[in-house]
Amino acid sequence: MIGPRLCAATPRFPLVSLAHRNSKVFALASSNAVAQRWGKRFYAPIETETPHKVGVEFEESKDRIFTSPQKYVQGRHAFTRSYMYVKKWATKSAVVLADQNVWNICANKIVDSLSQNGMTVTKLVFGGEASLVELDKLRKQCPDDTQVIIGVGGGKTMDSAKYIAHSMNLPSIICPTTASSDAATSSLSVIYTPDGQFQKYSFYPLNPNLIFIDTDVIVRAPVRFLISGIGDALSTWVETESVIRSNSTSFAGGVASIAGRYIARACKDTLEKYALSAILSNTRGVCTEAFENVVEANTLMSGLGFENGGLAAAHAIHNGMTAIHGPVHRLMHGEKVAYGTLVQVVLEDWPLEDFNNLASFMAKCHLPITLEELGIPNVTDEELLMVGRATLRPDESIHNMSKKFNPSQIADAIKAVDSYSQKWQEQTGWTERFRLPPSRHSPHLTDIHP
């Protein structure tokens, strides 16, 4: 039997490793400095539109900073044991936020565990968009005696739970129901307009208190979600190394720590070793060790890696693609980030052999590596320049790189990825093409046979 994975930490302090049989644990030294730094409003958000700098306090910091959730728990049927972990922060009342689909699938398992132990639980239904209008509506539905906010679901639900918790000065517990991104662990939320356009980032002084993952739920999700998470996580090491080389400020607000860098590298190594097996496990709905390892890589390692390392071109390219219309928006976050990672590799002038190795691994993971697979085979030069200009907005993470670019260079790199990838496909006889799904939320990806 695969035991639960546990990780306990206090944010922004030096790493101390602890061994524990059948579990993975790390602890961070505590200090009164957190209270002194942030004052009484421990959970007050810092709202900013700058993704690569965390508030004014951090811009000039050259200290090594490592930030993380207080605890990470991952295991099969973990939601049925919710009270065991929630009671550290709340024993009387909780708000559980999930969309209707997640309520139908698994969120009630958490409610049942809490209710059976005497807690009063308020169930809120997330409307689907992490906009200020929706967040204000949800905030008003939270009882005054709420002790903890629990977000169950995808990225926007998790971001909403973080925002509400911090606005109420309450601890937050984040329960991803897919391993499709590394958003769960971070101390930020992405805020959108009511019609789904990016509006701003909200940064918080502390990460979520608990990341709580039931892998029996994760493994029942369509394999496309796991693959998207792999695409997102593959960017972590590439972007972190770029940020370190340029000595830029990490999302944590200072210089990347050795721990952050090694976690990003461990994320890459774990994916290279286990991703293909995990994808096959997911197609059969079985929680193998490989599957558990990739869930941890997609969620914990990638989350700690990007926040303590930083973002660079890969995510900026993803954001830049919002400048054009069309089928590309049927792709999930990690699917677009994967292509953005290849663009960054071209911008950094990696050897063609290294590009081919990365592109081939992505293709084997059923990620898009050509413009046709992105759904934009006939994209025009002007549209690519629009992507380039959006990628280079002043607040974008591409400015964490040591080299500076112009829109034409971005457009050329996007086309170069398409050219190199097509050439690799021709030379190797690779015929398994990524098939653009009918919608962003469609579970269908391609025919993946175990």
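Every residue gets a Cβ built from N, Cα and C, even glycine.
Zn(2+) binding, as stated in Swiss-Prot, involves His315, His333; the candidate among Asp216, Asp232, Asp418 given for that site is Asp232. Same-site candidate for substrate binding, as annotated by Swiss-Prot with Asp232, His315, His333, chosen from Asp159, Asp182, Asp395: Asp182.
Checking the candidates Asp99, Asp112, Asp136 against Swiss-Prot: the one annotated together with Gly155, Lys156, Thr157, Met158, Asp159, Thr177, Thr178, Ala179, Ser180, Ser186, Leu188, Tyr192 at the NAD(+) site is Asp99. Annotation for Thr177 (NAD(+) binding site): same-chain Cβ neighbours under 8 Å, separated by at least 6 residues, are Val102, Ile105, Cys106, Val152, Gly153, Gly154, Asp214, Val217, Ile218, Ala221. Figure note: comparing Cβ neighbours within 10 Å for the binding-site residues Met158, Ala179, the maximum is reached by Ala179. Here substrate is bound by Asp182, Asp232, His315, His333 per the record. The longest Cα to Cα distance in that group is 12 Å.
Listed binding-site residues: Asp99, Asp182, Asp232. The one with the lowest count of other Cβ atoms within 10 Å of its Cβ is Asp99.
Within 10 Å of the C-beta atom of Tyr192 (NAD(+) binding site) sit 18 other C-beta atoms, taking all shown protein chains into account. Reduced to three states, the DSSP call for Met158 (NAD(+) binding site) is helix. Rounded to a whole number, the C-alpha distance linking Asp182 (substrate binding site) with Met158 (NAD(+) binding site) is 11 angstrom.
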